[in-house]
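This report refers to the structure that appears directly beneath it.
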Amino acid sequence: MITLNNQDQPVPFNSSHPDEYKIAALVFYSCIFIIGLFVNITALWVFSCTTKKRTTVTIYMMNVALVDLIFIMTLPFRMFYYAKDEWPFGEYFCQILGALTVFYPSIALWLLAFISADRYMAIVQPKYAKELKNTCKAVLACVGVWIMTLTTTTPLLLLYKDPDKDSTPATCLKISDIIYLKAVNVLNLTRLTFFFLIPLFIMIGCYLVIIHNLLHGRTSKLKPKVKEKSIRIIITLLVQVLVCFMPFHICFAFLMLGTGENSYNPWGAFTTFLMNLSTCLDVILYYIVSKQFQARVISVMLYRNYLRSMRRKSFRSGSLRSLSNINSEML
C-alpha cells in the first residue's frame, strides 16, 4: 500500500496500530461517550428549553453542546472499528466520519473565540452591555461559522479516498488519527490558518486586553459577580484551548510538513485523545454560565444521595427486622 507525501511522491503506507493503542482507544472513547453524551444532552436541553432569558453566551453554548453531540455520536463507530479491525459501513460513511473529525475542532475553536469576544464586551466595554442581549447577531455569527466550516470540510468527502479501501477486511484509515488527514496541503494549510490561528489570536487578544483592564482598575463600574463569572469563563477557555486544541494542531502542523513514512504516530494519537477530551471539559463552561445547569447537576447529585440514604435505611431496617425475628424465635 502507498499514499502520497507533501511532494506528491509515493511513500510506504502502514495502517497497523499497536494493540495497546486499540485497548486505550476503546477505554478512552467509551468514557468520553458516556460522560459526554449525558453532559451535552443535559446542556442542550437546559439552554434550549429551560433557560428563560437567552443571551449571546447561551446561544454560543447551545451550539457548543450541539457540535459536541454530533462528534460524540461518531465515537461508537470508531470503537467498533478498533475492536473488530474492519469497517463494514462503507466508503462514503468513512469519508463522512473523516470530515467530522476535521469539522469538530474547526467549529469548536470559533465558538470559543465568540465566547471570548463576548466576555471582552462584558468587561472592557460595559457600555455596550445591551449588545450581549442581542441574540440575533449571535445566531447569525453561529450560522456563518457552520456554513463556513461545512464548506471547507465537505471537499474532504470528494478529494481523496481511503488508500486501503479494496482490502479485506475493509478499513477506514481516515478516522484512526490525524496522520491520515494530511494529504491535501492547500486545504489543510487553510484549515490550520483560518480555523486555528485566527480564532486563537482573537482569544489571546481578548484575554490580553481584559487582563490589562483588570490590572489597571478600569473595570470598577462592573458588578463583582459579572467580573468574577467572566474571569472564570476566560480561565476555563484558556485551559481548554491549551490542553485540548493546541497540542492537536501543533502535532498536525508537524505531520503536515513532514515527509516521512505514513504510519502509526503516538503523538498524533495522544493529541487526538486530548482533542476529544474537550467534549467532556465543556461541562465546566456549562456549569459556570448557566444557573439552570448548576441546578440540574446539583439535583442529580442530591437524588443520588437520596437513593443511597434510602438504600442504607432499608438495609438497616431489614437488619433490625432479621435480628428481632431471631430474638423472637430464641424466646
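Glycine residues also receive a Cβ, built from the backbone N, Cα and C atoms like all the rest.
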**Prompt:** Going by Swiss-Prot, which one of C94, C136, C244, C251 is joined to C172 by a disulfide bond?
**Reply:** C94
**Asked** Per Swiss-Prot, does K52 fall on the same side of the membrane as W267?
**Response** no
**Asked** When you scan the chain for residues with a C-beta under 8 Å from the transmembrane segment (269-289), skipping those not six or more beyond its ends, what do you find?
**Response** 17, 21, 24-25, 28-29, 32, 35-36, 39-40, 43, 46, 57-58, 61, 64-65, 68, 71-72, 75, 104-105, 108, 115, 177-178, 229, 232-233, 236-237, 239-240, 243-245, 247-248, 250-252, 297
**Prompt:** What is the pLDDT of the topological domain 'Extracellular' (254-268) when averaged and given as a whole number?
**Reply:** 68
**Prompt:** In the same chain, who gets a Cβ under 8 Å from the transmembrane segment (96-116) while lying at least 6 residues past its ends?
**Reply:** 56-57, 60-61, 63-64, 67-68, 70-71, 74, 77-78, 138, 141-142, 145-146, 149-150, 152-154, 156-157, 172, 174-175, 178, 180-181, 191, 195-196, 199-200, 202-203, 206-207, 233-234, 237, 240-241, 245, 248-249, 275, 278, 285
**Fill in**
So C94 (disulfide bond), by the Cβ count within 10 Å over all chains shown, scores 23
